[in-house]
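See below for the structure under consideration.
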Amino acid sequence: MIMNKMKNFKRRFSLSVPRTETIEESLAEFTEQFNQLHNRRNEDLQLGPLGRDPLQECSTFSPTDSGEEPGQLSPGVQFQRRQNQRRFSMEDVSKRLSLPMDIRLPQEFLQKLQMESPDLPKPLSRMSRRASLSDIGFGKLETYVKLDKLGEGTYATVFKGRSKLTENLVALKEIRLEHEEGAPCTAIREVSLLKNLKHANIVTLHDLIHTDRSLTLVFEYLDSDLKQYLDHCGNLMSMHNVKIFMFQLLRGLAYCHHRKILHRDLKPQNLLINERGELKLADFGLARAKSVPTKTYSNEVVTLWYRPPDVLLGSTEYSTPIDMWGVGCIHYEMATGRPLFPGSTVKEELHLIFRLLGTPTEETWPGVTAFSEFRTYSFPRYLPQPLISHAPRLDTDGIQLLSSLLLYESKSRMSAEAALSHPYFRSLGERVHQLEDTASIFSLKEIQLQKDPGYRGLAFQQPGRGKNRRQSIF
């Protein structure tokens, strides 16, 4: 009798003292309870109206009876059989959320997903994966809220938006579809290239939404672009910041060129910058995948001010050096605060180039006289001028790098990969060369922007609003 009293006392005492439970124990208990309820529901569903088990009734029916081999069951039958066998686990939720992009879903959404959407025990097929993403909200226009109109171009309108899934800001590039022509080739090209580019210095394509009337590209949102940055620092950048932006530009471009992709439209408006100072290549509408060392392309590419002389003269055979000339022009513009060759026509653009670098000859540019445009224009014989007199804020290494990019003969221009190792960037340290592709240069504590001498304040916040946003991503 005394033993019974002791047992009752221990039981009451244990019930009166709250028990500390670990997160792992709570999750394990939750999982077990869910599985019990799930199995009980399956048992109820499996019992027919007369208390019979429909699976037992069907057990005498084999796949071979219908002429189907076991491996040839319809997807619906296979799915139903897996439904009756699957169990929920926390690992399933993790697998379900292994998305092809860096995304953080709200906690309440994860809880809802745990309760309502258990996963299959086998790895998801491509079709199932797409269906899974669609269930979450990807590929649906209603997932995004339009906030401000950033600009409008010939084929597209760009909006600042917000994702209902993550609450993050996004840029919605809405491309109008003409029923006679379908999606513009520039949009198709941009999507096909960007979906395979994962780099810290290349804008991320988060989602793609296709409706009858439009094709919407959902990009990560960045507050400003390089042109706006220059405007808001009074066109007077810190030379340290010039170096950091230049390194990021080359880093993203080297990644593209390594994958045989030419951007073909480099300009400050297409280099987006966020509040952290991360610079990212954007607007791949004119970009091309290059499968051979040289190939014939259109010469109507690259904004006039950043177009290399060989393309200006009508060359349609080019490779990665087409982008490197533009890099040189952008480097000069950051260092001086003004465009290097602001021509309004092709002839004027060539005139400005020749006046600074000297009129080319067969000795300085083999094959130049073969261009009919060069013979037709009959340019004066200009002598080359020293670049240091036009960009005095650049140090010796900076001038040497600039000179190696602004070369007439395209094959002689320094590559993006080689430029990253130029002595000009030595002051950034060695660790910048050891970063993973998706790691930001600012993940290194020694890399920080300095205050620009001409800084006017709010350099990042104001440009991204309303009509002041440059129409740079159409």
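Cβ from N, Cα, C; glycine included.
Residues annotated as phosphoserine in Swiss-Prot: Ser14 (among others).
According to Swiss-Prot, the region 'Disordered' annotation covers 44-87.
Taken from Swiss-Prot, the feature phosphoserine covers Ser74 (among others), and the record attributes it to similarity to another entry.
Positions annotated as phosphoserine by Swiss-Prot, on the basis of similarity to another entry: Ser89 (among others).
Summarising the annotation, Swiss-Prot assigns phosphoserine to Ser98 (among others).
For Ser117 (among others), the entry in Swiss-Prot reads phosphoserine, with the evidence type similarity to another entry.
Among the features that Swiss-Prot reports, phosphoserine is placed at Ser132 (among others), with the record citing similarity to another entry.
Neighbours of Glu152 (ATP binding site), defined as other CB atoms within 10 A of its CB across all chains, total 14. Taken from Swiss-Prot, the feature ATP binding site applies to Leu150, Gly151, Glu152, Gly153, Thr154, Tyr155, Ala156, Thr157, Val158, Lys173.
Annotated active site, proton acceptor per Swiss-Prot: Asp265, in sequence order, evidence recorded as sequence analysis.
According to its DSSP assignment, Ser440 (phosphoserine) is coil. Residue environment of Ser440 (phosphoserine) contains 16 other Cβ atoms, counted within 10 Å of its Cβ in all protein chains. Per Swiss-Prot, phosphoserine is recorded for Ser440 (among others), and the stated evidence type is similarity to another entry.
With a 10 A radius on its CB, Ser443 (phosphoserine) counts 11 other CB atoms from all the protein chains. The phosphoserine feature in Swiss-Prot is assigned to Ser443 (among others); the stated evidence is similarity to another entry.
Taking the Cα atom of each, Ser440 (phosphoserine) and Val158 (ATP binding site) are about 26 angstrom apart.
Each residue contributes its Cα atom, and for Val158 (ATP binding site) and Asp265 (active site, proton acceptor) these two points are 18 Å apart. Ser443 (phosphoserine) sits 34 Å from Ala156 (ATP binding site), taking the Cα positions as reference. You'll find the Cα of Ala156 (ATP binding site) roughly 17 Å from the Cα of Asp265 (active site, proton acceptor).
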